[in-house]
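Colleague: One structure, as structure tokens, below. Some questions next.
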Amino acid sequence: MSLYPIYNFSAGPAVLPEAVLETARQEMLDYNGTGFPVMAMSHRSEMFLSILHHAEQDLRQLLKVPDNYKILFLQGGATTQFNMAAMNLAHGFRTADAVVTGNWSRIAYEQMSRLTDTEIRLAAHGGEQFDYLDLPPVETWDVAPDSAFVHFAVNETVNGLQYREVPRLSEGMPPLVCDMSSEILSREFDVADYGLIYAGAQKNIGPAGVTVVIVREDLLERCPNDIPDVFNYRSHINRDGMYNTPSTYAIYMSGLVFRWLQAQGGVKKIEAVNRLKAQTLYETIDGSGGFYINRIRPNARSKMNVVFQTGDEELDRRFVLEAELQGLCLLKGYKTVGGMRASIYNAMPLEGVRALADFMRDFQRRYG
């Protein structure tokens, strides 16, 4: 057993609230006195349908989702949505637009570009030579008014960038399609500013295995009949999310996280905590006299994924190893970026972030 509390800084699958894990443990063999474990429930049973509907309603309440938006709990991860969004919403359009600001929006752009009938235009990109150190302001996006949609990622998990203000377009412009995987539920925003939102659960929602999709009803009229039903949003909605067997346990766990977030005071309250957590780490980095480096423009720094390095690869490796010995786990940066990355999603307690900041100062004292 570790001498220290274990804090999981993984980018995903990520930390889950301790209270949620405790509830799941208590209900593992017998959910709510039914005698059934959730993992063994039929997805069409009244027991599971109640879990599904409560999860949907709680998410709708947390995000203030308008009535003219549908919520789906799908499979395939956010990467499936790169193509699924385009397959459903670009039909009959000559162009669609994409904003590339980091690793995942770049992959989304590349995947969408494989569609043969719709040209995916690069409306904006992050920095010279795609160095991803800054974010192009929304007013600089080269958006074609007659495009099918504009796709972007509001928070870049790998590169550690995040739009300070959640982007929105003026009335009459194409609908925004947003990858919110690594920031959904971390701060308030207006769902009505978007045509479609998707998010892999394994960061701020729950365990891996489910992807949340929030889509405006009028856009479902675009869904073509000549794509496979399993990739058609309308097919899933027409069957109340039961076109195929959903990820029942992941949905159950996500529902527990929604209830936990409500108990914390909702999104507005958790946003204040998230702001303090990010401030704690960035002040430690900026106050290190250059020992720790974060090259991201300050106004574009992510509050969810804090990236940093020492400038010495061997010292970075030592940092990750020594941190893990003190219960500060999974801090290694993404393979294409290197250095360290602290993912501080909703479920990461402030105590964990303060423990990391203390370790960073101690490490600098010993190796600086």
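Every residue, even glycine, has its Cβ placed from backbone N, Cα and C.
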Colleague: May I ask you to find which of Thr95, Thr118, Thr157 Swiss-Prot records for the pyridoxal 5'-phosphate site already listed with Ala78, Thr79, Trp104, Asp179, Gln202, Asn244, Thr245?
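Modeller: Record source Swiss-Prot; matching candidate: Thr157.
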Colleague: Would you work out the biggest C-alpha to C-alpha distance among Ala78, Thr79, Trp104, Thr157, Asp179, Gln202, Asn244, Thr245, the residues that bind pyridoxal 5'-phosphate according to the record, and give it in angstrom as a whole number?
Modeller: 30
Colleague: Within the chain of Arg44 (L-glutamate binding site), which residues six or more apart in sequence place their C-beta under 8 angstroms from its C-beta?
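Modeller: Looking at Cβ-Cβ distances below 8 Å from Arg44 (L-glutamate binding site), excluding near sequence neighbours, one finds Met242.
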Colleague: Of all the binding-site residues given, Thr79, Gln202, which residue's CB has the most CB neighbours within 10 A?
Modeller: Gln202
Colleague: DSSP three-state call for Trp104 (pyridoxal 5'-phosphate binding site): helix, strand or coil?
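Modeller: Where Trp104 (pyridoxal 5'-phosphate binding site) sits, the three-state DSSP reduction gives helix.
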